[in-house]
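Visitor: Straight out of TrEMBL:
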TRANSMEM  20-49  transmembrane segment
TRANSMEM  61-80  transmembrane segment
TRANSMEM  117-142  transmembrane segment
TRANSMEM  178-198  transmembrane segment
TRANSMEM  219-238  transmembrane segment
Amino acid sequence: VMFGRDKDVVATAFITWREIVALLLGGAAVWIRCNLTAVWIPLGLYLVYLRGRGSLVRAMLYFFVYIVCALLGMAVSFLIDRIVYGIYVLPPPQVGSFVFNVVEDRASAYGTHSHHWYFTAALPAILGVWVVPCAGAVKRCFSSSSSASYRQNTGKLTGLVVVYVSVYSLSAHKEFRYISPVLPPCLAICGAGLANFFQQNANEMANTRISISKLKNRSVIAVLSVSLFLNIVPLLYLCIVHQRAPIAVTEYIVDAMVSSPLLQNTAITSERSTKFSVHYLLPCHSTPAYAHLRIPGTLPTILTLDCSPACRTIPEEMCEEEQFYKDPQGFAEALYVNVLPKIRGKSASDCMNPEYDQDNDYHGGGGDCATVRFQSHEVSPVDHIPDFVVVSSEVAQNVAPVLVEMGLYEAHSHIHAIKNIEWVNSNEEGDDVTGSGYLWLPL
(Lines of atoms letter the chains of each structure in order from A and count residues from 1; the text may use other names and numbers.)
(Lines give C-alpha, C1' and ligand atoms only; values in the text may rest on other atoms or scores of the structure.)
Protein backbone atom coordinates (compact mmCIF):
# COMPACT_ATOMS: atom_id res chain seq x y z
CA VAL A 1 0.00 0.00 0.00
CA MET A 2 2.74 2.40 0.96
CA PHE A 3 4.82 1.91 -2.16
CA GLY A 4 2.25 2.80 -4.78
CA ARG A 5 0.93 6.05 -6.07
CA ASP A 6 -0.89 8.03 -3.42
CA LYS A 7 -4.12 8.14 -5.44
CA ASP A 8 -4.01 4.35 -5.78
CA VAL A 9 -3.75 4.01 -2.01
CA VAL A 10 -6.79 6.19 -1.44
CA ALA A 11 -8.73 4.28 -4.09
CA THR A 12 -8.21 0.86 -2.53
CA ALA A 13 -10.56 -0.87 -0.07
CA PHE A 14 -11.02 0.36 3.50
CA ILE A 15 -8.07 -1.78 4.58
CA THR A 16 -6.17 -4.39 2.61
CA TRP A 17 -4.98 -7.78 3.82
CA ARG A 18 -1.40 -6.64 3.23
CA GLU A 19 -1.90 -3.82 5.71
CA ILE A 20 -3.36 -6.22 8.27
CA VAL A 21 -0.50 -8.72 7.91
CA ALA A 22 2.09 -5.95 8.06
CA LEU A 23 0.58 -4.44 11.20
CA LEU A 24 0.28 -7.84 12.89
CA LEU A 25 3.92 -8.59 12.14
CA GLY A 26 4.87 -5.09 13.25
CA GLY A 27 3.14 -5.50 16.59
CA ALA A 28 4.78 -8.89 17.14
CA ALA A 29 8.19 -7.49 16.19
CA VAL A 30 7.85 -4.56 18.58
CA TRP A 31 6.95 -6.97 21.39
CA ILE A 32 10.15 -8.89 20.69
CA ARG A 33 12.39 -5.86 20.09
CA CYS A 34 11.09 -2.54 21.35
CA ASN A 35 13.69 -0.64 19.30
CA LEU A 36 11.69 -1.56 16.19
CA THR A 37 9.14 1.06 17.21
CA ALA A 38 11.47 3.50 15.42
CA VAL A 39 10.57 1.63 12.20
CA TRP A 40 6.91 0.77 12.65
CA ILE A 41 5.61 3.97 14.21
CA PRO A 42 6.79 6.18 11.29
CA LEU A 43 5.37 3.62 8.84
CA GLY A 44 2.03 3.54 10.62
CA LEU A 45 1.77 7.31 10.90
CA TYR A 46 2.58 7.75 7.23
CA LEU A 47 -0.12 5.25 6.25
CA VAL A 48 -2.59 7.08 8.49
CA TYR A 49 -1.66 10.28 6.67
CA LEU A 50 -2.19 8.67 3.25
CA ARG A 51 -5.47 7.01 4.22
CA GLY A 52 -6.94 9.93 6.12
CA ARG A 53 -5.66 12.83 4.05
CA GLY A 54 -8.28 15.53 3.85
CA SER A 55 -10.38 14.21 6.74
CA LEU A 56 -9.39 14.28 10.40
CA VAL A 57 -12.17 11.85 11.33
CA ARG A 58 -11.05 9.37 8.69
CA ALA A 59 -7.43 9.68 9.87
CA MET A 60 -8.44 9.03 13.49
CA LEU A 61 -10.46 5.99 12.38
CA TYR A 62 -7.46 4.50 10.59
CA PHE A 63 -5.26 5.33 13.54
CA PHE A 64 -7.58 3.33 15.80
CA VAL A 65 -7.78 0.39 13.36
CA TYR A 66 -4.00 0.28 12.98
CA ILE A 67 -3.49 0.37 16.75
CA VAL A 68 -5.91 -2.56 17.17
CA CYS A 69 -4.07 -4.61 14.53
CA ALA A 70 -0.71 -3.87 16.15
CA LEU A 71 -2.05 -4.85 19.59
CA LEU A 72 -3.33 -8.12 18.15
CA GLY A 73 0.16 -8.81 16.83
CA MET A 74 1.58 -8.13 20.30
CA ALA A 75 -1.02 -10.46 21.80
CA VAL A 76 0.02 -13.24 19.42
CA SER A 77 3.67 -12.78 20.42
CA PHE A 78 2.64 -12.72 24.09
CA LEU A 79 0.79 -16.05 23.71
CA ILE A 80 3.78 -17.60 21.94
CA ASP A 81 5.97 -16.54 24.89
CA ARG A 82 3.46 -18.15 27.26
CA ILE A 83 3.49 -21.42 25.33
CA VAL A 84 7.29 -21.58 24.96
CA TYR A 85 8.36 -20.34 28.41
CA GLY A 86 5.42 -21.71 30.34
CA ILE A 87 4.90 -18.38 32.15
CA TYR A 88 3.36 -15.01 31.32
CA VAL A 89 6.17 -12.65 30.34
CA LEU A 90 4.94 -9.32 31.69
CA PRO A 91 6.27 -6.77 31.21
CA PRO A 92 8.30 -7.92 28.20
CA PRO A 93 12.07 -7.93 28.79
CA GLN A 94 12.49 -5.19 26.21
CA VAL A 95 10.79 -2.72 28.54
CA GLY A 96 13.63 -3.19 31.00
CA SER A 97 16.10 -2.75 28.15
CA PHE A 98 14.41 0.49 27.13
CA VAL A 99 14.51 1.83 30.68
CA PHE A 100 18.14 0.80 31.10
CA ASN A 101 19.39 2.19 27.77
CA VAL A 102 17.18 5.22 27.22
CA VAL A 103 15.47 6.38 30.40
CA GLU A 104 18.40 5.82 32.77
CA ASP A 105 21.07 6.11 30.03
CA ARG A 106 23.21 3.53 31.83
CA ALA A 107 24.39 2.08 28.53
CA SER A 108 26.72 5.08 28.19
CA ALA A 109 29.00 3.35 30.69
CA TYR A 110 29.85 0.88 27.91
CA GLY A 111 31.12 3.60 25.55
CA THR A 112 29.81 6.58 23.61
CA HIS A 113 30.13 7.98 20.10
CA SER A 114 29.43 11.34 18.49
CA HIS A 115 25.90 12.17 17.32
CA HIS A 116 26.79 11.69 13.63
CA TRP A 117 28.57 8.32 14.08
CA TYR A 118 25.71 6.22 12.71
CA PHE A 119 25.56 8.24 9.48
CA THR A 120 29.28 8.73 8.93
CA ALA A 121 30.72 5.43 10.19
CA ALA A 122 28.21 2.70 11.11
CA LEU A 123 25.86 2.91 8.12
CA PRO A 124 28.70 2.85 5.52
CA ALA A 125 30.29 -0.04 7.43
CA ILE A 126 27.20 -2.28 7.40
CA LEU A 127 26.51 -1.46 3.75
CA GLY A 128 30.04 -2.33 2.70
CA VAL A 129 30.44 -2.32 -1.08
CA TRP A 130 26.82 -1.24 -1.48
CA VAL A 131 27.42 2.18 0.07
CA VAL A 132 28.24 3.73 -3.33
CA PRO A 133 25.18 2.32 -5.18
CA CYS A 134 23.00 3.33 -2.21
CA ALA A 135 24.32 6.90 -2.24
CA GLY A 136 23.82 7.04 -6.00
CA ALA A 137 20.26 5.75 -5.69
CA VAL A 138 19.42 8.43 -3.10
CA LYS A 139 20.96 11.09 -5.30
CA ARG A 140 18.79 9.97 -8.22
CA CYS A 141 15.72 10.69 -6.10
CA PHE A 142 16.42 14.37 -6.68
CA SER A 143 17.08 13.99 -10.41
CA SER A 144 14.40 15.10 -12.84
CA SER A 145 15.50 12.35 -15.24
CA SER A 146 14.18 9.68 -12.84
CA SER A 147 10.56 8.61 -13.06
CA ALA A 148 7.99 9.98 -10.62
CA SER A 149 7.28 6.55 -9.17
CA TYR A 150 11.00 5.97 -8.54
CA ARG A 151 11.44 9.33 -6.81
CA GLN A 152 8.36 8.76 -4.68
CA ASN A 153 8.96 5.15 -3.61
CA THR A 154 12.71 5.46 -3.10
CA GLY A 155 12.16 8.73 -1.28
CA LYS A 156 9.82 7.00 1.17
CA LEU A 157 12.36 4.27 1.94
CA THR A 158 15.10 6.86 2.33
CA GLY A 159 12.95 8.86 4.71
CA LEU A 160 12.26 5.73 6.75
CA VAL A 161 16.00 5.01 7.07
CA VAL A 162 16.82 8.62 7.97
CA VAL A 163 14.12 8.75 10.67
CA TYR A 164 15.23 5.45 12.22
CA VAL A 165 18.93 6.33 12.27
CA SER A 166 18.19 9.85 13.53
CA VAL A 167 16.17 8.50 16.45
CA TYR A 168 18.99 6.16 17.43
CA SER A 169 21.53 8.94 17.06
CA LEU A 170 19.96 10.64 20.08
CA SER A 171 21.47 7.96 22.34
CA ALA A 172 25.09 8.47 23.37
CA HIS A 173 25.80 4.72 23.38
CA LYS A 174 25.91 3.40 19.83
CA GLU A 175 26.54 -0.01 18.31
CA PHE A 176 26.49 -1.37 14.78
CA ARG A 177 23.79 -3.91 15.61
CA TYR A 178 21.34 -1.20 16.67
CA ILE A 179 20.89 -0.01 13.09
CA SER A 180 20.95 -3.45 11.45
CA PRO A 181 17.15 -3.27 10.82
CA VAL A 182 17.75 -0.56 8.20
CA LEU A 183 19.96 -2.83 6.09
CA PRO A 184 17.03 -4.42 4.13
CA PRO A 185 15.47 -1.06 3.13
CA CYS A 186 18.94 0.26 2.24
CA LEU A 187 19.51 -2.74 -0.05
CA ALA A 188 16.05 -2.17 -1.56
CA ILE A 189 17.12 1.40 -2.29
CA CYS A 190 20.28 0.04 -3.94
CA GLY A 191 18.24 -2.35 -6.07
CA ALA A 192 15.82 0.35 -7.19
CA GLY A 193 18.69 2.70 -7.99
CA LEU A 194 20.59 0.09 -10.01
CA ALA A 195 17.45 -0.91 -11.92
CA ASN A 196 16.79 2.75 -12.75
CA PHE A 197 20.43 3.21 -13.78
CA PHE A 198 20.41 0.13 -16.03
CA GLN A 199 17.17 1.21 -17.68
CA GLN A 200 18.44 4.69 -18.45
CA ASN A 201 21.74 3.40 -19.84
CA ALA A 202 19.91 0.86 -21.98
CA ASN A 203 17.63 3.57 -23.35
CA GLU A 204 20.62 5.77 -24.18
CA MET A 205 22.22 2.90 -26.12
CA ALA A 206 19.03 1.86 -27.86
CA ASN A 207 20.45 2.95 -31.24
CA THR A 208 23.07 0.18 -31.11
CA ARG A 209 22.56 -3.25 -32.58
CA ILE A 210 22.34 -4.83 -29.14
CA SER A 211 18.83 -5.09 -27.74
CA ILE A 212 17.86 -3.25 -24.56
CA SER A 213 17.20 -6.51 -22.69
CA LYS A 214 20.69 -7.82 -23.53
CA LEU A 215 22.28 -4.58 -22.37
CA LYS A 216 20.40 -4.74 -19.08
CA ASN A 217 21.31 -8.40 -18.56
CA ARG A 218 25.00 -7.71 -19.20
CA SER A 219 24.97 -4.78 -16.78
CA VAL A 220 23.28 -6.86 -14.08
CA ILE A 221 25.77 -9.71 -14.52
CA ALA A 222 28.70 -7.29 -14.35
CA VAL A 223 27.46 -5.63 -11.16
CA LEU A 224 26.65 -8.97 -9.49
CA SER A 225 30.07 -10.38 -10.41
CA VAL A 226 31.92 -7.38 -8.97
CA SER A 227 29.81 -7.32 -5.80
CA LEU A 228 30.26 -11.08 -5.30
CA PHE A 229 34.03 -10.79 -5.68
CA LEU A 230 34.24 -7.85 -3.27
CA ASN A 231 32.06 -9.59 -0.68
CA ILE A 232 33.34 -13.15 -0.77
CA VAL A 233 36.79 -12.39 0.71
CA PRO A 234 35.58 -10.45 3.77
CA LEU A 235 32.73 -12.95 4.14
CA LEU A 236 35.14 -15.88 4.39
CA TYR A 237 37.44 -14.00 6.77
CA LEU A 238 34.62 -12.87 9.07
CA CYS A 239 33.01 -16.33 9.11
CA ILE A 240 36.13 -18.46 9.47
CA VAL A 241 38.89 -16.40 11.12
CA HIS A 242 37.77 -13.16 12.75
CA GLN A 243 36.95 -13.50 16.46
CA ARG A 244 36.63 -17.25 16.03
CA ALA A 245 38.55 -18.27 19.16
CA PRO A 246 35.68 -18.11 21.72
CA ILE A 247 33.56 -20.48 19.63
CA ALA A 248 36.48 -22.76 18.72
CA VAL A 249 37.72 -23.05 22.30
CA THR A 250 34.20 -23.69 23.57
CA GLU A 251 33.75 -26.43 20.95
CA TYR A 252 37.00 -27.97 22.19
CA ILE A 253 35.63 -27.95 25.74
CA VAL A 254 32.44 -29.66 24.58
CA ASP A 255 34.42 -32.34 22.72
CA ALA A 256 36.64 -32.86 25.77
CA MET A 257 33.63 -33.31 28.03
CA VAL A 258 31.83 -35.63 25.62
CA SER A 259 34.90 -37.91 25.45
CA SER A 260 35.55 -37.62 29.19
CA PRO A 261 35.47 -40.99 31.03
CA LEU A 262 33.63 -39.28 33.88
CA LEU A 263 30.77 -38.37 31.57
CA GLN A 264 30.78 -41.71 29.79
CA ASN A 265 30.43 -43.51 33.13
CA THR A 266 27.40 -41.40 33.99
CA ALA A 267 24.20 -42.48 32.34
CA ILE A 268 22.67 -39.72 30.28
CA THR A 269 19.25 -40.56 31.64
CA SER A 270 20.46 -40.40 35.21
CA GLU A 271 19.04 -37.72 37.45
CA ARG A 272 22.54 -36.85 38.61
CA SER A 273 24.45 -34.62 36.20
CA THR A 274 28.21 -34.44 35.80
CA LYS A 275 29.38 -31.05 37.00
CA PHE A 276 32.28 -29.17 35.46
CA SER A 277 33.51 -25.59 35.66
CA VAL A 278 34.89 -23.20 33.05
CA HIS A 279 36.61 -19.93 33.93
CA TYR A 280 36.66 -17.41 31.09
CA LEU A 281 39.33 -14.85 32.01
CA LEU A 282 38.56 -12.82 28.91
CA PRO A 283 37.18 -9.36 28.04
CA CYS A 284 33.52 -8.83 28.83
CA HIS A 285 30.90 -10.18 26.41
CA SER A 286 33.54 -12.03 24.39
CA THR A 287 32.22 -15.57 24.85
CA PRO A 288 28.87 -17.28 24.18
CA ALA A 289 29.21 -19.12 27.53
CA TYR A 290 26.20 -21.32 28.33
CA ALA A 291 24.72 -21.02 24.83
CA HIS A 292 27.39 -23.37 23.43
CA LEU A 293 28.02 -25.52 26.51
CA ARG A 294 24.81 -27.53 26.47
CA ILE A 295 25.91 -31.15 26.88
CA PRO A 296 23.38 -33.83 27.88
CA GLY A 297 24.15 -35.20 31.31
CA THR A 298 26.29 -32.26 32.43
CA LEU A 299 25.80 -29.18 34.58
CA PRO A 300 28.38 -26.51 33.69
CA THR A 301 29.39 -23.70 36.02
CA ILE A 302 30.86 -20.64 34.33
CA LEU A 303 32.90 -17.78 35.73
CA THR A 304 33.38 -14.59 33.72
CA LEU A 305 35.01 -11.31 34.63
CA ASP A 306 32.50 -8.79 35.94
CA CYS A 307 31.94 -5.58 34.01
CA SER A 308 28.33 -4.99 35.02
CA PRO A 309 26.80 -1.52 35.23
CA ALA A 310 27.17 -1.69 39.01
CA CYS A 311 30.92 -1.09 38.62
CA ARG A 312 30.99 0.68 35.25
CA THR A 313 28.77 3.53 36.43
CA ILE A 314 31.02 4.28 39.42
CA PRO A 315 34.17 6.09 38.20
CA GLU A 316 36.08 5.31 41.40
CA GLU A 317 35.46 1.57 41.10
CA MET A 318 37.42 -0.81 38.90
CA CYS A 319 35.60 -3.67 37.20
CA GLU A 320 37.12 -7.14 37.38
CA GLU A 321 37.99 -6.99 33.70
CA GLU A 322 40.07 -3.83 34.23
CA GLN A 323 41.72 -5.28 37.33
CA PHE A 324 42.64 -8.48 35.52
CA TYR A 325 44.24 -6.83 32.50
CA LYS A 326 46.04 -4.31 34.69
CA ASP A 327 47.66 -7.06 36.78
CA PRO A 328 46.84 -10.54 35.38
CA GLN A 329 49.01 -12.54 37.78
CA GLY A 330 47.95 -10.62 40.86
CA PHE A 331 44.30 -10.95 39.95
CA ALA A 332 44.67 -14.70 39.35
CA GLU A 333 46.34 -15.10 42.74
CA ALA A 334 43.50 -13.21 44.41
CA LEU A 335 40.87 -15.23 42.52
CA TYR A 336 42.37 -18.61 43.47
CA VAL A 337 43.52 -17.56 46.93
CA ASN A 338 41.49 -20.34 48.63
CA VAL A 339 43.07 -22.99 46.42
CA LEU A 340 46.74 -22.04 46.23
CA PRO A 341 47.52 -22.16 49.99
CA LYS A 342 46.16 -25.71 50.18
CA ILE A 343 48.46 -26.74 47.36
CA ARG A 344 51.44 -25.32 49.23
CA GLY A 345 50.50 -27.20 52.36
CA LYS A 346 49.12 -24.22 54.23
CA SER A 347 45.64 -23.31 55.31
CA ALA A 348 43.98 -20.05 54.37
CA SER A 349 43.78 -19.05 58.06
CA ASP A 350 47.54 -19.48 58.43
CA CYS A 351 48.20 -17.38 55.42
CA MET A 352 45.97 -14.60 56.70
CA ASN A 353 48.45 -14.20 59.57
CA PRO A 354 50.83 -11.45 58.36
CA GLU A 355 53.69 -12.86 60.49
CA TYR A 356 53.43 -16.39 59.05
CA ASP A 357 56.35 -17.49 56.86
CA GLN A 358 57.62 -14.03 56.07
CA ASP A 359 61.05 -15.28 55.05
CA ASN A 360 59.89 -17.25 52.02
CA ASP A 361 59.79 -15.40 48.75
CA TYR A 362 57.06 -16.06 46.20
CA HIS A 363 56.49 -14.12 42.97
CA GLY A 364 58.72 -11.24 43.92
CA GLY A 365 58.32 -10.97 47.68
CA GLY A 366 55.85 -11.06 50.51
CA GLY A 367 56.19 -14.76 51.35
CA ASP A 368 54.46 -17.73 49.74
CA CYS A 369 51.20 -16.58 51.34
CA ALA A 370 51.26 -13.40 49.27
CA THR A 371 48.30 -14.76 47.32
CA VAL A 372 46.09 -14.60 50.38
CA ARG A 373 47.25 -11.20 51.49
CA PHE A 374 46.84 -9.70 48.03
CA GLN A 375 44.59 -6.79 49.00
CA SER A 376 44.63 -4.63 45.84
CA HIS A 377 41.95 -6.75 44.13
CA GLU A 378 38.47 -6.96 45.60
CA VAL A 379 37.64 -10.32 44.06
CA SER A 380 35.34 -13.07 45.25
CA PRO A 381 37.74 -16.05 45.53
CA VAL A 382 36.68 -19.44 44.23
CA ASP A 383 36.89 -22.55 46.41
CA HIS A 384 37.78 -25.12 43.78
CA ILE A 385 40.23 -25.71 40.96
CA PRO A 386 38.38 -25.20 37.65
CA ASP A 387 38.25 -27.91 35.02
CA PHE A 388 38.96 -25.41 32.24
CA VAL A 389 40.49 -21.92 32.17
CA VAL A 390 40.36 -19.81 29.02
CA VAL A 391 42.69 -16.81 28.65
CA SER A 392 43.95 -14.67 25.79
CA SER A 393 47.51 -14.85 24.49
CA GLU A 394 48.38 -11.36 25.73
CA VAL A 395 48.08 -12.45 29.37
CA ALA A 396 48.75 -16.20 29.09
CA GLN A 397 52.37 -15.92 30.18
CA ASN A 398 51.45 -13.73 33.15
CA VAL A 399 48.90 -16.12 34.62
CA ALA A 400 50.74 -19.30 33.62
CA PRO A 401 52.64 -19.64 36.97
CA VAL A 402 49.37 -19.58 38.91
CA LEU A 403 47.65 -22.03 36.56
CA VAL A 404 50.60 -24.42 36.57
CA GLU A 405 50.68 -24.39 40.35
CA MET A 406 47.03 -25.45 40.36
CA GLY A 407 47.95 -28.43 38.17
CA LEU A 408 46.70 -27.05 34.85
CA TYR A 409 48.47 -27.37 31.53
CA GLU A 410 48.07 -25.63 28.18
CA ALA A 411 45.82 -27.86 26.08
CA HIS A 412 44.65 -25.86 23.10
CA SER A 413 45.03 -22.50 21.35
CA HIS A 414 43.19 -20.89 18.47
CA ILE A 415 43.72 -17.74 16.42
CA HIS A 416 41.20 -15.08 17.39
CA ALA A 417 41.87 -12.15 15.05
CA ILE A 418 44.62 -10.53 13.01
CA LYS A 419 45.75 -7.41 14.84
CA ASN A 420 48.14 -6.14 12.17
CA ILE A 421 50.33 -7.35 9.35
CA GLU A 422 53.94 -6.24 9.09
CA TRP A 423 55.43 -6.02 5.61
CA VAL A 424 59.18 -6.72 5.77
CA ASN A 425 62.04 -7.35 3.37
CA SER A 426 62.97 -10.92 2.54
CA ASN A 427 66.18 -10.67 4.60
CA GLU A 428 64.39 -9.43 7.72
CA GLU A 429 62.46 -11.36 10.31
CA GLY A 430 58.81 -10.51 10.79
CA ASP A 431 55.58 -12.21 11.68
CA ASP A 432 51.92 -11.43 11.50
CA VAL A 433 50.76 -10.41 14.93
CA THR A 434 47.69 -12.35 15.94
CA GLY A 435 45.55 -12.63 19.00
CA SER A 436 44.80 -16.13 20.25
CA GLY A 437 42.65 -17.87 22.80
CA TYR A 438 44.41 -20.37 25.10
CA LEU A 439 42.76 -23.20 26.98
CA TRP A 440 44.26 -24.70 30.15
CA LEU A 441 43.20 -28.09 31.54
CA PRO A 442 43.97 -30.04 34.74
CA LEU A 443 46.89 -32.47 34.57
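Including glycine, each Cβ sits where the backbone N, Cα and C put it.
Curation does not apply to TrEMBL; its annotations are automatic.
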Visitor: Per the 3+ Cβ pairs under 8 Å rule, pairs at least 6 apart in sequence, do the transmembrane segment (178-198) and the transmembrane segment (61-80) touch?
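Guide: No, these stretches are not in contact.
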Visitor: Taking residues 6+ outside the transmembrane segment (20-49), which of them lie with a CB under 8 Å of any CB in it?
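Guide: Distant contacts of the transmembrane segment (20-49): 1-2, 59, 62-63, 66, 69-78, 92, 94-95, 97-98, 156, 159-160, 163-164, 167-168, 178, 181-182.
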Visitor: Mind checking which residues reach the transmembrane segment (117-142)? Cβ under 8 Å, same chain, six or more beyond either end.
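Guide: Distal contacts: 150-151, 154-155, 158, 165, 168-169, 174, 176, 179-180, 182-183, 186-187, 189-190, 192-194, 196-197, 226-227, 230-231, 234.
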